[in-house]
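Below: one structure, written as structure tokens.
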Amino acid sequence: MKLHFTKMHGAGNDFVVLDGIATPIDFTPEQWRAIADRHFGVGADQLLLVERSTRPDVDFRYRIFNHDGGEVEQCGNGARCFVKFVTDRGLTDKRTIRVEVMNGISTLTMQPDGQVTVDMGAPVFEAARLPFVPDALPTRVEGRDTQHALQINGRTAWLSTVSMGNPHAVQVVDDAEAFPVREDGPLIESHAVFPRRVNAGFMEIADRHAIRLRVYERGAGETLACGTGACAAAVAGIRRGLLDSPVKVTTHGGDLTIAWAGEGEPVMMTGPATTVFEGTLDLDALKQTAAH
């Protein structure tokens with residue numbers, strides 16, 4: 001059996017997108033991993049499954065699977081690719097759509113210039129909702145933000161914790177490019193204080209409206225861009241009094257613009273979405289790959 005797929009990226013964060021409306025799909029984690037494998041599959045940071053929603057107040061549902069096969073709550077770059085996918089395939093003619101994801105409802109708008117704006121919802125800071133178990137960790141307050149300290153590779157990492165539908169721990173570094181993200185990232189990601197693991201962000205402040213960011217994503221490793229990570233970093237910087245909205249976030253994959261009006265307000269993310277190529281998966285071969 002053959003299954004059509006579309007390869008896309010949002011600022012270098014790449015996805016395999018599957019139309020679960022045309023063909024119902026129920027893959028195992030092993031099969032998702034096989035598709036995401038860059039040697040034996042198509043290759044992707046994450047995979048997006050487009051489905052119809054059973055809710056009358058939304059247009060679509062989509063599910064997000066990490067490179068390791070695990071399903072996750074939200075993905076900002078994936079949301080932008082999702083909008084382009086359903087628009088290009090003629091599944092909707094709306095400029096603004098409402099979609100259901102694991103953690104709630106998102107509103108997505110295709111701009112006239114092809115950029116996509118995503119209403120990412122209001123950030124959450126309560127530790128229990130990330131979840132985050134700080135116990136007796138050292139703390140400090142900067143502006144409206146409370147940070148907690150972890151000892152990572154002999155360095156003190158002061159972390160701002162925020163959920164953008166998925167958990168993030170953000171620290172400010174002097175030089176994002178030189179920082180050992182691939183060494184410290186996995187230690188933060190899997191630290192015991194984060195029971196469901198965490199996305200680790202490393203933010204360099206350029207000026208009050210611009211940062212450089214690298215993110216070690218939960219279940220995916222370092223990626224070229226992370227939309228929810230960009231939102232979390234901008235929010236953390238604004239709460240700490242280091243940044244003002246809007247914030248230009250420069251990643252290895254490109255730039256995103258993040259706007260946030262403050263406590264209780266939604267975070268608005270604007271950025272590109274690009275189709276790279278289309279193809280077909282051989283499901284029989286995929287099952288064999290997944291079995292090994």
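Residue 1 is the first one shown; counting continues down the chain.
Glycine is no exception: its Cβ is also placed from the backbone N, Cα and C atoms.
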Listed in Swiss-Prot for the substrate site shared with Gln46, Asn66, Gly76, Asn77, Asn166, Asn199, Glu217, Arg218, Gly227, Thr228, one of Asn13, Asn103:
Asn13
Inside 10 Å of the Cβ of Cys226 (active site, proton acceptor), count up the other Cβ atoms and send me the figure.
34
Quick one: which of these recorded positions, Cys75, Asn77, Arg218, have their CA within 10 A of Cys226 (active site, proton acceptor)?
Cys75, Asn77
If one looks at the chain holding Asn13 (substrate binding site), which residues at least 6 apart in sequence have a CB under 8 angstroms from its CB?
Asp45, Gln46, Asn77, Gly78, Thr223, Leu224, Ala225, Cys226, Gly227, Gly253
